[in-house]
Amino acid sequence: MKKTLYEKIYDAHIVHEEKNNISILYIDLHLLHEVTSPQAFDSLRMRNRSVRQPKKTFATMDHNVSTESKDINASGSMAKIQMQQLIKNCEEFNIALYDLNNPKQGIVHVIGPEQGLTLPGSTIVCGDSHTSTHGAFGALSFGIGTSEVEHVLVTQTLKQQRFKNMKIKIVGKVKKFITAKDIILFIIGKLGTSSGSGYVIEFCGDVIKKMNMEERMTICNMAIEMGAKSALIAPDETTYLYLKNKRYSPKNKYWDSAIRYWKTLVTDENALFDKEFTFDISDISPQVTWGTSPDQVLSINEKIPDFNSFKDSIKKDLARSACNYMDLKPGSYLKNIKIDKVFIGSCTNSRIEDLRSAATILKNKKISKNIKAIVVPGSGSVKNQAEKEGLDKIFIDAGFEWRLPGCSMCLGMNNDKLSDGERCASTSNRNFEGRQGRGGRTHLVSPIMAAAAIYGHFVDVRNLNSETN
């Protein structure tokens, strides 16, 4: 029987098969952070249970941490309690922890791949919705709830239904200044935020093959915004090169054995998908979200849509509501929208390639006096590499604040927030109402588009000099 990549990984991890396409799957890697794990550990103690596979469980502090200080008190009392609890839990149950004093500490979906924990063909779970990021390596990865966190800690397994298969093939020639973020936002805009519900999406095509691993992670990270359970990209030479000699990657003869297995992790020819889409991205422009959902997105040179242009009454109402919240008028140009803050970071776009691309735009430029801009590396390793390359100096000279690793302004769960009515050009993944702070208005963009917004409004990065002179 011909199988898709998803079916191969799913079938290889079945511990017990039940009725109605539901199975108990073995979990190869369990990632933890300070927000969704405390209750799970409390339940373990109440029931006198232990962690079955501590060596397959790794934790970090990222959601609540201060990006201005390594002091555990810096993010407030609740954050301090959660971080102290994570330290206690990891010590008691013998789990490796990347705490504030660990030079490798960072966002869970950044440090997993860079440490070689994320491996092709593995199953990976975390109490965080953007766990799909790891699918860029050909790993079946998805977010889970706190009760499931407890179940995996105790059994190293999880009951999962078999999801449907979707293939998204991306073809065409990628033009200069068009990034992986633009491509995935464009696709979400075309298909919608519920298009992936009930599916695992496999991304493929020449465009994907030419992407580096950081770009692939951006694609898979944002697939969850289509409603998908997970996303996958088949591993290839680019994957192997990225993983070679990482701390936890297989070594010596085990590396050779791993490569042989990883090369089997491709969808069989003529395997059946439940849905298939092909997108030619040759002519797309830089993308900017205008509303309060990732699918409310336009090319930079377009206007905010007229409500009456939506034939669907629900979409019309959503557009009206979004414009009210975002304080935008139909017919106004995206390029005329004034920005209060710029945020470069998050598990979507805080890796070294993201910072390099943004720094290229910012070199010898200064931010407007009317805006505040911060750049938050995704991990200590990313921060150190950026500083070795002098990227921090470029950001600082441009007027950015160079911060410590963490989730930062992606979510209003730490000190980095928008105030009521503030508008942000953000490289994060969600633009929901209040996502970056109560009353905050979020526009999702690529790192280079965020960098180009330093003049206090959106700019077509392709025409940066001509539009800002």
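Just so you know, glycine gets a Cβ as well, placed from its N, Cα and C.
Here is what Swiss-Prot records for this protein:
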type	residues	note
BINDING	CYS347, CYS407, CYS410	[4Fe-4S] cluster binding site
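Cβ environment of CYS347 ([4Fe-4S] cluster binding site): ILE107, VAL108, HIS109, VAL110, HIS130, THR133, ASN221, GLY378, CYS407, CYS410, ASN429 lie under 8 Å away, each six or more residues apart in the same chain. Listed in chain order, the residues near the [4Fe-4S] cluster site other than CYS347, CYS407, CYS410 are ASP62, HIS63, ILE107, HIS109, HIS130, GLY345, SER346, THR348, SER350, GLY406, SER408, LEU411, SER428, ASN429, each with its Cβ within 8 Å of the site Cβ centroid.
The secondary structure of CYS407 ([4Fe-4S] cluster binding site), as reduced to three states from DSSP, is coil rather than helix or strand.
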